[in-house]
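First the structure, in the form of C-alpha cells, and then the observations on it.
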Amino acid sequence: STDGAEGTSQIPASEQETLVRPKPLFLKLLKSVGAQKDTYTMKEIILSWQYIMTKRLYDEKQQHIVYCSNDLLGDLFGVPSFSVKDHRKIHIMIYRNLVVVSQQETLQSGTSVSESRCQPEGGSEQKDPVQEPQEEKSSSDSVSRPSTSSRRRTISETEENADELPGDRQRKRHRSLSFDESLALCVLREICCERSSSSESTDTPSNQDLDDGVSEHSGDWLDQDSVSDQFSVEFEVESLDSEDYSLSEGGQELSDEDDEVYRVTVYQSGESDVDSFEGDPEISLADYWKCTSCNEMNPPLPPLCNRCWTLRENWLPEDKEKDRGDASEEAKLEAEGLDVPDGKKATSSDSKESCTEENDDKEIYTSQSQESEDYSQPSTSSSIVYSSQEDVKEWEKEETADKEENVESGFSLNAIEPCVICQGRPKNGCIVHGKTGHLMSCFPCAKKLKKRNKPCPVCRQPIQMI
C-alpha cells in the first residue's frame, strides 16, 4: 500500500527535499513503526508506509485497498478506507497533518555534508525495519549520528563528494531504490514466502540482488505491472463466469438451444371395403352414378354399387356386331316376358342359348367382355351389364379365377393402345388399389411405379399391387 516511484514523481523535486514536521497524531503513528525523528522530508513521508503493513490493514484480495475505519490511521485521515492508487487524495490527506519547517530552523540545524548524506540512511533504517540489521553491519557509526541533522542535499554538496564516497553513493542509490519498493518487498516476504528472516542474514550485495530482482518485475505499487498485480494474476482463481464460458467454448455442455426437435405426423392408411373418393376435389356430385337396383349414389370410379354390388350400366364398350342382332334379341326376350329396356342389357344364359343359331359371334364377344372387365378404362361411355345378382356373383368368381391367366390376353378395346408412359409396349400392367384398378401402362412401367411408391397416375390412389 505505498505510492512508490509514481507517488513521488507527482511531487516537485524541490518539495521532495522540503523538511516537514508531522502533527502529534501523525508523529505518534510514525513512531509506532520505529520512527525516532521529529522532522522528515516529503519523500520520506510519502514512502514511509510500514504502519499499514504492520497492522495488515490492506485487503488480502485487492491489496491496493486499505481499511482503516477502526484504526488510528482512520482517525488521522478521516476516512474509513482508501485506495493507494488515488494519489491526489492521499497527498491531500497527508498535507493536512504536516507542518513545513522554515528555512531558519533548517539553517540552525544544518550539519556537515557527510552527516547530511548519511543521515537519510539512518532515517531509512528507522523506517525500514527489514534493512536495519544490514545497516548495522555496513556502518556502525551512522546509527550514533544525531537524528535531527539536516537532510537537504544541494548540487554543490553532491559535486564536492562525487569522488569521495563512491561506495556510499552506490549503496545510497540502492537504498533509495529498495526503499521505494519497501512495501512490495513486504508483500512478497510477509504474504507469500516470509523471507524476511533469510534476507536479514545476507550481506548488502545479496540484498541488492534481491531488491534488483524485485524491481525488475515491479516498477511501482500503483502501476499495472506492479508486484501486487503480478501476484494477484499469478494466484488468480477463475471465477464461475469464466468457468462456464470455458465449458461452453469447449463444447462439453449443450444447452437447450442446441437440441433439434422434429415434428412427425403419422397417417395410418386403413383399408375399407369401399374406397373413399369424397376427398378428391376434382370429383363433383355430377360425376356420381345412380344404381339401377337400389338407387344408391356411387362414386364414378368403382364399377360396382357399394350397397348391392350391381355392375354399373354402360361400364363396358358395346360391340358393333351386337348392334346387328339387337332387334332379334329384343323380340325374343319380349316373347319370353323379360323386361329389357332399349336392348342394352346382356342376355341371360337362356337367352344366349336361344340366339346361338342367329348370332354365333355374340357369345364369343360376351365372354371376352366378361374376361376383360378388370382391365378396362372407367372413361368408356358404353358397357354390357348383367341382369341379375346371380350373374354378378358368377362373374366375380370367374374374375378371381382367370385374373392371373388372362393378364396379357384379356384386353379391352382401349388396351390396344400403347403404354402412356413408355409409348412402346402394350397396356398389360393393371394398377390395383382397393377394389378398383386402372389399365393405362405396361407391366414394367407399372412395376416401376409400385417400386418407387408412386400413386396411380389416373386417380392418385396408393398402388397396392400390379
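Yeah, the Cβs are placed from backbone N, Cα and C, and that goes for glycine too.
Per Swiss-Prot, these features apply:
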REGION    160-292  region 'Interaction with MTBP'
MOTIF     169-175  motif 'Nuclear localization signal'
MOTIF     176-188  motif 'Nuclear export signal'
REGION    209-218  region 'Interaction with USP7'
REGION    228-317  region 'Region II'
BINDING   CYS291, CYS294, CYS305, CYS308  Zn(2+) binding site
MOTIF     447-454  motif 'Nucleolar localization signal'
What residues elsewhere in the chain lie close to the motif 'Nucleolar localization signal' (447-454), defined as a C-beta under 8 angstroms and at least 6 residues from its ends? 429, 431, 441, 463, 465-466
Those same-chain residues, other than CYS291, CYS294, CYS305, CYS308, found with Cβ within 8 Å of the centroid of the Zn(2+)-site Cβ atoms are THR292, SER293, ASN295, GLU296, ASN298, ASN306, ARG307, TRP309, THR310
With the fewest other Cβ atoms within 10 Å, the residue among the binding-site residues CYS291, CYS305, CYS308 is CYS308
Over the span of the motif 'Nucleolar localization signal' (447-454), count residues by DSSP class, listing helix, strand and coil in order. 5 helix, 0 strand, 3 coil
Chain-internal residues near CYS294 (Zn(2+) binding site), provided their CB is under 8 angstroms and they sit 6+ positions away: CYS305, ARG307, CYS308, THR310
Mean predicted confidence [pLDDT] for the motif 'Nuclear localization signal' (169-175): 42
